[in-house]
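S.K.: My questions will all concern the structure given below.
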Amino acid sequence: MSTKNETPEVEEEEPPEEVKAKGKMPIGGHFNELRQRFTRGIIALVVGVMAAFFFATPIIGFLTAPGGPDFKPAQLGVMEYASVFFNVSLWAGFILASPYILYQLIAFITPALNRNEKKFIFISIPAVTVMFLAGLAFAYYVALPPALNILLHWGDDVVLTVVGIKDYMNVVTRILIALGLIFETPFIIMVLARLGVVSPKWLASKRKIWVVIAFVIAALITPTFDPVNQTIMAGPLIVLYEISIWLSKLVYRKKREVIESK
């Protein structure tokens with residue numbers, strides 16, 4: 001009677017790349033990858049800030065331009081301009097590094113997403129970026145010049161206007177960021193419509209309320225009480241709301257077509 005030497009089969013370990021692709025990475029591997037990507041993002045931010053140091057002065061000049069050709073802000077404290085310079089360098093460096101930081105974030109989360117979720121992310125990022133930049137452009141070229149013209153020359157016959165660089169930059173950046181975010185309204189409402197939170201009919205029924213809200217928001221972010229400037233700020237909000245209604249109709253129509261096809 002012969003016996004066969006049986007050797008136990010040893011399972012070969014899958015390479016980390018294959019494990020990750022199949023969604024089988026252990027929790028420790030996820031933390032390790034997160035740490036690596038976070039470190040890369042910090043390094044990119046540091047490099048971006050260092051590079052922005054060379055462009056901080058032209059950026060400050062660009063941001064003071066809406067005040068007019070004769071406008072020159074003052075330094076009201078020993079460290080005021082230095083503080084503004086470093087803040088501008090930090091934000092400019094973040095903007096420079098943001099594409100790489102965003103890539104690291106997307107590369108970390110996409111393995112856990114399905115095909116539709118990945119498609120949504122890759123379509124949304126360019127759309128959100130373009131809309132935010134459009135808001136910045138509107139604020140810089142349309143909203144800021146008339147608003148600053150009123151503020152800087154209000155009371156010229158009574159007082160001598162001396163504007164500190166820090167105070168000026170706070171006002172300008174507040175308006176820029178506010179309008180940049182406001183221009184994201186169509187995207188936000190489109191997502192809410194996609195999730196079924198709002199409907200085109202409901203949005204259309206709230207037009208009058210939105211007009212009031214638009215002027216309230218304009219009053220909060222506009223540094224003047226001038227009705228002309230508030231209208232300039234509220235106008236895009238009203239137009240963006242109409243665009244949002246149109247986009248929500250497209251989303252609803254597409255959802256209905258998908259349901260009917262099933």
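Quick reminder: no glycine exception, Cβ is built from N, Cα and C everywhere.
According to TrEMBL, the protein carries these features:
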{"type": "REGION", "residues": "1-24", "note": "region 'Disordered'"}
{"type": "TRANSMEM", "residues": "42-64", "note": "transmembrane segment"}
{"type": "TRANSMEM", "residues": "84-108", "note": "transmembrane segment"}
{"type": "TRANSMEM", "residues": "120-143", "note": "transmembrane segment"}
{"type": "TRANSMEM", "residues": "175-197", "note": "transmembrane segment"}
{"type": "TRANSMEM", "residues": "209-225", "note": "transmembrane segment"}
{"type": "TRANSMEM", "residues": "231-252", "note": "transmembrane segment"}
S.K.: To the transmembrane segment (120-143), which of 42-64, 84-108, 175-197, 209-225, 231-252 is linked by the most Cβ pairs under 8 Å?
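M.R.: Comparing 42-64, 84-108, 175-197, 209-225, 231-252 against the transmembrane segment (120-143), the winner is 175-197.
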S.K.: Report, as numbers and ranges, which residues of the same chain sit near the transmembrane segment (209-225): CB under 8 Å and 6 or more residues beyond its ends.
M.R.: 143, 147, 150-151, 154, 171, 174-175, 178-179, 182, 231, 233-234, 237-238, 241
